[in-house]
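First up is the structure itself, then whatever we jot down about it.
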Amino acid sequence: MQALSRPCSAPVWLLAASSLLWKNYWIRGVLSLAMISGFFLIIYMGPVALILIVMTVQIKCFHEIITIGYRVYRSYELPWFRTLSWYFLICVNYFFYGETVADYFGALVQREEPLQFLARYHRFISFALYLAGFCMFVLSLVKKHYRLQFYMFAWTHVTLLIVVTQSHLVIQNLFEGMIWFIVPISIVICNDIMAYLFGFFFGRTPLIKLSPKKTWEGFIGGFFSTVVFGFILAYLLAQFQYFVCPVGFNSETNGFTVECEPSDIFVMQEYTLPAAVQNSLNWKNVNLYPFQIHSIFLSSFASLIGPFGGFFASGFKRAFKIKDFASTIPGHGGIMDRFDCQYLMATFVHVYIASFIRGPNPSKVLQQLLMLQPEQQLSIFHTLHSHLRERGMLPPAAGSTQPTE
């Protein structure tokens with residue numbers, strides 16, 4: 001009877017495994033759609049909601065990485081490790097967000113006297129707070145655990161560098177215009193999904209040992225799909241001021257504004273195609289937003305270099321013999337598992353804007369002028385007035401145009 005029952009056991013086992021696999025795919029798919037829908041809802045709610053969600057993600061990612069360190073070394077009962085880690089998180093956020101307030105909310109700072117004091121001595125206060133944490137760490141050193149405590153001190157600071165600094169750059173990109181926030185995040189998500197789908201259906205050739213499930217077919221298919229998706233998304237968003245205008249603060253309404261005259265990269269222009277393309281497509285000219293061309297470079301980075309953020313995270317998890325950073329999202333792991341590529345992308349976008357896009361920002365200069373003393377403002381006014389008159393952009397003074405008798 002045993003011999004007769006064996007052939008039936010294998011199909012049942014395979015059926016159960018297959019059912020479990022498809023159940024996992026359904027869970028991942030449904031939660032992915034829910035997260036994407038939530039992302040669109042947050043975009044609709046505006047810049048404040050986006051800033052809050054970035055802060056929430058940052059805190060959760062920091063918690064996941066610090067928790068791994070705590071679990072690895074918890075048997076040593078190191079004093080103040082978690083307390084100091086969270087204290088340093090508060091200090092670094094105070095520094096970065098204080099810089100942002102001083103840069104973009106000058107009018108509000110000028111109006112509130114307590115904020116003037118905090119803005120004037122912001123860096124000194126930030127340094128003093130960090131110095132207090134540094135002294136607390138030195139006082140917490142325990143004999144026989146010196147090396148381990150310094151390991152954890154470095155662990156905390158590297159986590160701050162990876163998580164908090166990159167989150168600050170995400171917010172800086174957001175203030176340049178929501179399109180610089182939405183497009184990079186969307187193309188990383190697209191690359192992740194399309195690389196998975198191409199790898200699932202066509203994957204045969206392993207890509208890298210750190211991630212055995214990654215394949216060259218998924219990598220290449222994800223690249224081309226992401227470039228096309230980014231190009232189309234850039235075209236759709238570039239048509240709306242809500243997405244392309246820098247995020248500013250209106251001192252009259254005490255709220256954010258996204259109204260402006262769109263810059264040249266968001267104005268439709270005509271381009272002449274290369275001769276080879278003209279002969280192939282019988283097209284001579286094409287109308288594009290310049291931002292669509294920039295989107296090709298963003299998509300290329302997200303597809304070719306961005307995945308290395310995921311490979312880095314895979315190596316990190318393998319080093320500590322864990323599957324995921326946490327189990328916050330069923331089927332996806334922790335928040336950090338979903339944002340490992342986003343942080344690298346945020347840094348690239350910030351550098352890209354500073355190198356190839358950003359010019360002088362009149363609103364930012366005005367914010368800085370408003371923080372000067374009245375005498376300094378008057379001196380700058382007279383200097384600028386004389387300069388514009390010499391260039392012929394202002395009419396000469398009334399007295400100088402009258403003939404002398």
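Backbone N, Cα and C define each Cβ position, glycine as well.
These numbers come from a predicted model, not from an experiment.
Taken verbatim from TrEMBL:
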TRANSMEM  31-57  transmembrane segment
TRANSMEM  78-97  transmembrane segment
TRANSMEM  124-142  transmembrane segment
TRANSMEM  149-171  transmembrane segment
TRANSMEM  177-203  transmembrane segment
TRANSMEM  215-238  transmembrane segment
TRANSMEM  291-313  transmembrane segment
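The stretch with the most CB contacts under 8 Å to the transmembrane segment (78-97), chosen from 31-57, 124-142, 149-171, 177-203, is 124-142. Among residues of the same chain six or more beyond the transmembrane segment (149-171), those with a C-beta under 8 A of the stretch's C-beta atoms are 51, 54-55, 57-58, 61-62, 65-66, 69, 73, 78, 81, 84-85, 88-89, 92-93, 96-97, 100, 137, 140-142, 181, 342-344, 346-347, 349-350. A contact links the transmembrane segment (31-57) to the transmembrane segment (177-203), because at least 3 Cβ pairs that are 6 or more residues apart lie under 8 A. If one looks beyond the transmembrane segment (215-238) by at least 6 residues along the same chain, the residues whose Cβ comes under 8 Å of a Cβ in the stretch are 179, 182-183, 186-187, 190-192, 194-200, 202-207, 244, 266, 288-289, 291-292, 294-296, 298-300, 302-304, 307.
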